Structure formats: C-alpha cells, structure tokens
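S.K.: Quick one: structure below, then a few questions.
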Amino acid sequence: IVSEQQDVSETVIKKALAATEEDFLSLVKNQWLRKPHMASLGSCCLVVVICNGLLLYIANAGDSRAILGGADRGTREAASVQLSTEDNANIESVRDELWSLHPDDSQIVMHKFQGPYIGDAYLGMSELNQEPLQLKFRLPEPFHKPILSPELEILVRKLQPGDQILIFASDGLWEHLSNQEAVDIVQGIAKRLVKAVLQEAAKKREMRHMDLKEIDCTRDQETFS
C-alpha cells in the first residue's frame, strides 16, 4: 500500500490496517466450521511510524498507549506527553459512546470491555455469534450494529529537537506504571548507557572520565541554550 501511494500518510495507515482486518476476517470465515474459536481471537492495535525523521504517526485502536518524553528546559528532565487515547469501557467517555450507539443493549459495556481492532469477529459480525462458536463467547441477545468497529484514532505530530523518548505498549504496562514513571525509567537507563560509553571512550583515548564528562556537559549546555 505504501509503494502504491509513494508516501506514508493517515490514509495509507488506515488502508493498511483495514486490509489486515479484512484478510483476518476472511480467514475466520473460511475456517468457521473447522475452527470456530478463531472468531473469538483478537488484539488491540497500535502503530507508530516515524517518517523521514520529521513526522510521527500514531494509529491506535484499543487500550494500548503511546507517550513521548520531551526535554524540560527548566529541569533538563524528560516530561511525559500522552499521544494516544485508549478505547476501553473503563473510561467514562467510552461508556457513554457505547450506550448512545447501542441503547437497546443494557450489557453493551460488558460485551466491549476493551476495543480490539484486529479480530474478535463475533463482536463485529452477528452471523458468527452462534454455534459452533463456544457458548462462553456467544452473546445472549442478537445485535444489529457491530459492537467492535475498526475505527482508528490517528495523530500526526512534527518531532521537535527536545523530543527524546518514545514509549508504546499495551495496557499490561500502563496498569502498573504512570506515563511519567515509564519515562523516568527509560531516561535513567539512557543516562547509565551514556556513562558506560563515556567510560569506554576514556579508556580508548587515554583520557580521564571526568574530562569526557565535562565535554559532554558543555554540549548539553549548548543544546539547551
């Protein structure tokens, strides 16, 4: 798809993910009688693309999250900025949207606790919400509108010189760490790596580690000035 369009764009990303979804649903239909459990398989989807080192594309469907750590001129520490919005029924705005789209289904929030993009065909195609799919997956009442829909949130951001850290992960990480905690951990690892590189460089150049550290600090001051 990228080769056809000759560039990366919001449209290209949407087409690529739609094609992935379509191919998977086709596989589910073809295997329906032999492997009906495939209709219950699904996953959230988060795509991050850096184009030409200048533009950052974030495409998210589900409860994954992407955050950016940017330099704070005052503290020289990396401050976190959330780039994506989760699609999870734990969030009040998502619950409100579900109820407005499915006013006749009192259990809609339970049906769509999370919002996968790829798969979970039985929540998007009512004809798959029946035997031979296992009873534990089937919804008790038929539905007329897809409960899951492949709607993507896409953010485009121009990268800035102060942008230092990009973290994207599924909900398993964000259940235990805040955005800032994740950025602080990565920044700490980066600092230790820089220190190790400086120490190795000092050995090879027969310089004192403090001499290299002073050079590095001077460059940091020039960067922030």
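From the backbone N, Cα and C atoms, a Cβ is placed for every residue, glycine too.
Okay, so TrEMBL annotates it like this:
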type: DOMAIN; residues: 1-225; note: domain 'PPM-type phosphatase'
type: TRANSMEM; residues: 38-59; note: transmembrane segment
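Help me picture where these features are in the structure shown.
M.R.: The domain 'PPM-type phosphatase' (1-225) scores a mean pLDDT of 76 in the predicted structure.
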S.K.: Could you pull out which residues elsewhere in the chain have a CB under 8 Å from any CB of the transmembrane segment (38-59), counting only those six or more residues past its ends?
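M.R.: Apart from its flanks, the transmembrane segment (38-59) reaches 8, 10, 13-14, 17, 27-28, 31-32, 65-66, 68, 83-84, 114-123, 125, 128, 133-134, 137, 148, 152-159, 166, 168, 170-171.
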